[in-house]
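The following features are taken from TrEMBL:
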- 11-28: compositional bias 'Low complexity' (COMPBIAS)
- 70-87: compositional bias 'Polar residues' (COMPBIAS)
- 642-698: domain 'MIR' (DOMAIN)
- 709-767: domain 'MIR' (DOMAIN)
- 1-173: region 'Disordered' (REGION)
- 380-400: transmembrane segment (TRANSMEM)
- 421-445: transmembrane segment (TRANSMEM)
- 465-498: transmembrane segment (TRANSMEM)
- 519-538: transmembrane segment (TRANSMEM)
- 845-865: transmembrane segment (TRANSMEM)
- 885-905: transmembrane segment (TRANSMEM)
- 917-936: transmembrane segment (TRANSMEM)
- 957-974: transmembrane segment (TRANSMEM)
Amino acid sequence: MPPRAHLHRTASSSSISSIHSADGSSSANTTHQRRRDPQQQQQQHTAYDIEEPSDYTRKSAPRVSSSSSLRNNYHTHANHQAFSSPPRTGPRRSLDRDDQGDDSANNLGSNPYKVKRNYRDESGDILPSPATSPAAAYRSNPFDSWGAPASTHTSPRIPTSPGGGFGAYSGTRQTSATHQHSKLASSFFGNEDDDEGDFEETPLNDDAEAFRNGSRAFTLGSSKMEEKMRANGAKSVYGRAGLAPIESAANGKGGNGTGVMATNDAAAKGKYASLLPEQAPPQSPLDRISALFDNEHFCTAMYFVLSLITRLYRIGKSSTVIWDEAHFGKFGSHYLKHEFYFDVHPPLGKMLVGLAGAMSGYNGSFEFKSGESYPEKSQYYVGMRIILALFGVVMVPVAWRSSSALGWNKRSRHLLALMVLCDNAWLVISRFILLDSMLLCFTFTTVHGLLMFHQQQNRPFTQKWWFWLTFTGLSIGCVMSVKWVGFFVMALVGIYTIEDLWDKFGDLKMPVRTYARHWCARGLCLIAIPAAVYLLSFKLHFLILSGSGPGDAQMSSLFQAHLRGNDFAQNPLEAAFGSKVTFKNMGYGGGLLHSHIQTYPVGSQQQQVTCYHYKDTNNDFIITPRWEDKPLPPAEDTTTPLRMLTNGDTVRLVHAATGRNLHSHKVAAPVTKENYEVSAYGNATIGDSNDYWVVEVVDDMHLGKVAPGTTIRSLTTRMRFRHQNLGCYLRAANAVLPQWGWKQVEVSCDKENNPRDDHTYWNIESHWNSRLPSGNTKLYRSPFLRDFIHLNVAMMTSNNALIPDADKEDILASKPYDWPFLWNGLRMNSWADNATSYYLIGNPVIWWGSSISILVFLGTLLWYLARMQRRYADLSPSDFNQFVFVGKIGFLGWFFHYLPFLIMARVCYIHHYLPTLYFATILYAHVLDHFFFNASTARYKVPGSSQRRPLSERTKNVVFLIAALAIVGTFAWFHKTALGIDGPVWKYKGRRWRKSWNIYD
């Protein structure tokens, strides 16, 4: 047989070995003492000396007596491979295994590799040997596999549940249990009994070899061991679910009265046959429940069911349009009717609303007016709410699975899942036809993908590595395509990616080609895929909304030309003096040239001229010649030849509704002070040369470059209007007028002549002239990318215009600094006594606790950094890295989502904080785990000593129960705010925890 590594366990320095010959005769005892340094003496019970491999045998030795007690000596020969035994503390009985080598003084005969094994009690006396074979003696010895009596020490991390047992351990071990551990240890590391009762060494399997070399302690309940066994498809010691508590086999249940667990031949099947006893000891109901909560798949299913119940319970209770259902339900109707509309949010979420309506049997006919009752015989609104609520259902199990990558104790993971499940604000926002459930769902999946990808960092370019990187990119694309708030979580992923690539840049062992592959992979999955999803959502948006609708004016004229039902087919192709037209600004997000009777409160105080994104008669202008030119013929005159509008003509633009002329003068514009003001002045008889504008053609999008004198065409000709006296150009950028200007876009006269400035480009959109023939609509085409950019700029412009009105009090609006500590809530619908009312308010325990945890985390991190600067090591490197990594995910995610609302001017509401809250709850659970649940960091200082001891399991359980009960109890107290308040609200006493909450007012 091949040689094996030969090792022996050293005895204490004063041990005296009694040597016996192979035939049972006794010889003189020889004192054998090894010299060791102090460190070796401290570890004398666990030290092993590894020698050159060789073959030896182990046989039974007769039992003899000594002066103090009986000693068992076993001379065994086998093909032996040694294994490490873990260190133990406390009183122990030593197991002497002295390799005598070729020391002739020990009278070992011709075989120099005989080994004797001496079992001693605590005082060092030799214990008697059983009259059976060494294998049987090893099975029935009164010591456990670590060499200590079973009744004198506590089990180190022996699991008490069949679900893996991580975190729950038994107390004092039973004697027969230690027998089974000894049997298990021998079996797992390659020692199996042969038919004759002798030990016969078998080769170590890969798991045993890895465990022997890498494990600091032989721990049967080790999570790493369990994960390794599960990865190899093996059952655990007592069954598929995990390790079970070991009870007395001699006198307790599950034993045969001999101290040996019952086995049969059927257990010898498979790679881990020696680990599979036939019967598991019976478990108490508490153990079984604990095992279920340790099972990952069971907890995932449990939280999914609980989330399903809370999100769908009586979801159709209110039959009226609730809050922003008036907006997003209407947008869903436009998809079903294929009518183009405009909104400040990207289209993916609203397309899903339309899909939910189609799946629920809705035909798009309901107008979704705020507070209006849904049709009595139609329940489509319930189906739409259920489908959209499923996105909220997914949040809870995703949060649970994400926590597995954070290195937390199971208690912390359960607390995070409970917080997501039991927050009243997350619950109520998920139960209606809104975008927020989708926004939250994709935010959660993005964080989940990032954490799962982080777990694969040591296995780059594997299948799982690619899967989670791609999953993260898809989630980013989806969350950005629902609301622009999704860009904030993209920033978090971007910071993580930059740090990761920077660390890899410093890895000198990494080849340049591999580093380049990392860059390409990130670029593909985290930039290209999200961008593709975002672009695809807009492409589908344009394809579905193929008909003319209320949002046409937000788009370019060429885009509107291909919409079914528009009036551009009646447009005459070429413009002439006397034509009534509308002018469209061709800058991204540009609107229609507009005027109304209101005047500027500053400057010239003349009639306002603006850019407006909706069609009405105030957008109509008549192309008129100069005051000194021949006037237009009467409308009924059809014989006078028309004068066509050409490149280089000077015109007056008369507002059709008021008769005033487009005018400019040396007065500063109200917003863009460096430009001149543009107004409407005079009438059909009063005017001056400041009403004159020179037409300068840039090009024609159908014909290309044009020469002077070329006729102006509607839709395709791009032109500029230069003021004849001032030399400035008519311009409409994205500057928004104050409330006195109806938040419309400012029109000014730009002193700078920038030929490439799109905001000075105009085209004729609508054109009416009964004396001209209609044009060819087949010539009108608009490229997708231009339409995509145009719509996004228009969305941004309109979003920036949503600023608070100082003259009006918005009882629904709130300030961002009110959100972390839940300063106020939001009434979502009518507060009448006969209505079912909903109040958007969070769980105070979750909101207040998560906000405090942000401060606690920052303070703790600064404390650790200051201590590290002074060369104090409070945490191991792995614990500190885990603390910082989770903290960065939580804090940076919270910071990136919260800071923009502090600096933006737009009106804000409390539901804007809901994505931010998720990162705060991660920090909340992280702080609790660090101080109360983590085995390495949850410690307390012993009074009068510098030692820090871990918190007991009982203390951890008490803290967990207090936190869980506080979360669930507060949720139950406020559940009516999310599930619906019936009747007068004042009947529900005690729900106003802050005076600023307008529940009863």
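Glycine is no exception: its Cβ is also placed from the backbone N, Cα and C atoms.
Automated prediction, rather than curation, is the source of TrEMBL annotations.
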The domain 'MIR' (709-767) - residue tally per DSSP class, helix then strand then coil = 6 helix, 24 strand, 29 coil
Inquiry  = Any contact between the transmembrane segment (885-905) and the transmembrane segment (465-498)? By contact I mean 3+ C-beta pairs closer than 8 Å, pairs at least 6 apart along the chain.
reply    = yes
Query = Taking 3+ C-beta pairs under 8 angstroms (sequence gap of 6 or more) as contact, is the transmembrane segment (421-445) in contact with the transmembrane segment (519-538)?
reply = no
Ask   = Do you know the DSSP helix, strand and coil residue counts for the domain 'MIR' (642-698)?
value = 3 helix, 28 strand, 26 coil
